[in-house]
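Residues or ranges marked as pyridoxal 5'-phosphate binding site in TrEMBL: A:T100, A:T170, A:D199, A:H202, A:Y224, A:W254, A:T280. The N6-(pyridoxal phosphate)lysine feature in TrEMBL is assigned to A:K225.
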2 protein chains.
Amino acid sequence: MSTDLTRAHAVALDAADPLGALVDEFDIAPGTIYLAGNSLGPLPRAAATAVADAVREQWGRGLVTSWNKAGWFDLPYRMGDAIAALVGADAGEVVMTDSTGINLFKMVAAATALNPDRRVIVMEGSNFPTNNYVVQGLTRWLGQGHEIRFAESHELIDAIGDDVAVVALTHTHYKSAHILDMAALTARAHAVGALTVWDLCHSAGAMPVALNACDADFAIGCTYKYLNGGPGSPGFAFAAARHHAALDQPLTGWWSHRAPFAFDRDFAPTEGIGRLLTGTQPILSMVAAQAGLELATRAGSDAARAKSMALGALFVDLMAARLPDAGFRLASPRDIAARGGHVAYDHADGYPLMKALISRGVIGDFRAPSTLRFGLSPLYLRYADIWDAVDRLADVVESGLWRAPEFQTAEKVT
Amino acid sequence: MSTDLTRAHAVALDAADPLGALVDEFDIAPGTIYLAGNSLGPLPRAAATAVADAVREQWGRGLVTSWNKAGWFDLPYRMGDAIAALVGADAGEVVMTDSTGINLFKMVAAATALNPDRRVIVMEGSNFPTNNYVVQGLTRWLGQGHEIRFAESHELIDAIGDDVAVVALTHTHYKSAHILDMAALTARAHAVGALTVWDLCHSAGAMPVALNACDADFAIGCTYKYLNGGPGSPGFAFAAARHHAALDQPLTGWWSHRAPFAFDRDFAPTEGIGRLLTGTQPILSMVAAQAGLELATRAGSDAARAKSMALGALFVDLMAARLPDAGFRLASPRDIAARGGHVAYDHADGYPLMKALISRGVIGDFRAPSTLRFGLSPLYLRYADIWDAVDRLADVVESGLWRAPEFQTAEKVT
């Protein structure tokens, strides 16, 4: 526990924060403390400018010529290279495209094809379940008898046996923020002849990820959480260069064709990471994501992680000091090194508590049945914000504000 | 041929144009005549405002709460209902989501599953080939021996035999603008026990489409051509209500789950058209598309088609009158009723001619090896624009401007 939990000390930490200058790069309403960046990151000021320019100049004036002149065609590759640098991949190993779920479909399919004699796919059952839904859809349609072996984090090593084709895991857990050991699990997978697909949705931008150092095979991730890319900004997909020559996935289209403007009747795959593309991408949403990527790049993953851990430690310490007996149970690893960019607490009255806290300007989120999540994103949060957030939560609890009728309704809290 | 091909007559037609008031709803640079809206529609003024608001207010201020408060979650359905009204479908039969290619994958897959004893998929070989690439990827991965039977338009009826599972055709040809007979081909398909997937990329917004009147089964389409949705705005997918109960597709995700916020481990499909969704959508690109959809709705498909045909007739007549012996060969049907929203010409020097024409402010596009395409979109083009476009083309030809060295380079013309 920190020795000094005063607000003055938090302010002093801000004054010494090497990432402090980035805070003003985000456009967050005065008085709002935004702790839901693990769900949707806030607006980088430069994103608003870039989107306005893309709309009025690139679309409005450049029109169809902007596909070349404004580099729209190349965005998946250029954005992919920027993401690659943040997740421990090399240039040419990542593309930005489509949605997280669609990319997972592609990558798990690709992995099964490279391991055709096995039928087991290991996944974490408690993971954000869209991953399960995607792989359930894939395996059902492949019709080759693939089955998902669900295991929880402590069971994973044992679940990865020599019947396993693919290990498809989320690096940082969406609810608990528990970080899986990518190096150990990938090594285990490879030792038994399996391939890995890592979901980096809750990792990219929040911490360094070492895809190539861990010898990861494939990965996917999202850009609207810690990369602050905007609502529903396209996802990304990684394939290690050693797999490119044999890379194959079901969603082939003209963007993955060797000569997209030759209009050949039949498909022939391009070389390299472009094989993961399908069709025309939502350019305005991609352009919006550039600013956030640039800020994450400027911060650097190591510095982001260091501050994220410090913010998390302060939050947990303040919760213990201010609300020791209020029914909050830490639902994330206490070990900072095992915990990602957010902190989760269970509370029997989590739903009205979060609604009341939001009414006080502290925006976190709630996941049924009882989990409050607090995203502690390092690029735009101040240490003083953390202090104020816990202070307001303590006030919500101690004043009984959360018992007010308007916070009990069943309207969804995202 | 029109009796009066003077510019004064064109101006008179504009004065009487019931859609004339829509022209100023688009932000097109003065002096530019934009004839590539069949590739990428121009910017509706309201789109710029809507995107700016979505960025600064919905994302910047509403943050994660905008998923509910700004209706982001419902956008695929609301936009889908608006599209449905333009393509002869009912509310609840269309969603806006993902890319054209990905939606084609879903719909052809869904159709094959509903016709499990057949293995032939009929497609038009000369179609925009990404459709081929998508279905080639699908059939290869299904691994059930499906094969594509390619046929050209005049061969299609005969190609649809009683071994056919799915007929997957593009309503309006991307290059020639030839319109297939949706009613007759769908009837033929149903007569032999096949299902249909119609691609409306070059139809939606340019003409009335009668999906339900034709008894179509499935359809997909794009929103960035005649619907002016912005670069890469998401596509749409239609499934006739009668197929909803048995509707199944491979790309399942949390947005197609019965209870997406219950976080159940296993997939269970929602009811209705939501089954075609997968994951989180690119919201800014969807918001951008609303303005164009509203303008298309305001115009109405019948009025849009009437003006589009009149613009096309004027263009063809002017080309015949002004450039009768310049080597242009009409590559679209001469019959206006069989021709969609653009007109194509072949010319041995099509490439430098189009580059030179673009340098004069008339933006069309070129498709290898020799095709010039002129999109005659009815919402923002004036009759006088058509007159001026042909006038400038005649000048490019007669002056020999197109022979200038800068127009001979191999840089791609989109």
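Just so you know, glycine gets a Cβ as well, placed from its N, Cα and C.
Proximity to chain B (Cβ-Cβ under 8 A) holds for A:T100, A:W254, A:T280 out of the recorded positions A:T100, A:H202, A:K225, A:W254, A:T280. DSSP assigns A:T100 (pyridoxal 5'-phosphate binding site) to a helix. Taking the Cα atom of each, A:H202 (pyridoxal 5'-phosphate binding site) and A:K225 (N6-(pyridoxal phosphate)lysine) are about 7 angstrom apart. Annotation for A:W254 (pyridoxal 5'-phosphate binding site): same-chain Cβ neighbours under 8 Å, separated by at least 6 residues, are A:P260, A:G279. Between the candidate binding-site residues, A:T100, A:T170, A:T280, the densest Cβ environment within 10 Å is the one around A:T100. On the backbone, the CA of A:T280 (pyridoxal 5'-phosphate binding site) and the CA of the residue listed as 'N6-(pyridoxal phosphate)lysine' stand 23 Å apart.
Whole-number maximum of the Cα to Cα distances across the pyridoxal 5'-phosphate-binding residues A:T100, A:T170, A:D199, A:H202, A:Y224, A:W254, A:T280: 31 angstrom. In the three-state DSSP classification, A:W254 (pyridoxal 5'-phosphate binding site) falls within a helix. The CA atom of A:D199 (pyridoxal 5'-phosphate binding site) is located 13 Å away from the CA atom of A:K225 (N6-(pyridoxal phosphate)lysine). Of all Cβ atoms in the shown protein chains, 28 besides its own fall within 10 Å of the Cβ of A:D199 (pyridoxal 5'-phosphate binding site). Around the Cβ of the residue listed as 'N6-(pyridoxal phosphate)lysine', the number of neighbouring Cβ atoms within 10 Å comes to 29. Separating the Cα atoms of A:T170 (pyridoxal 5'-phosphate binding site) and the residue listed as 'N6-(pyridoxal phosphate)lysine' is a whole-number distance of 14 Å.
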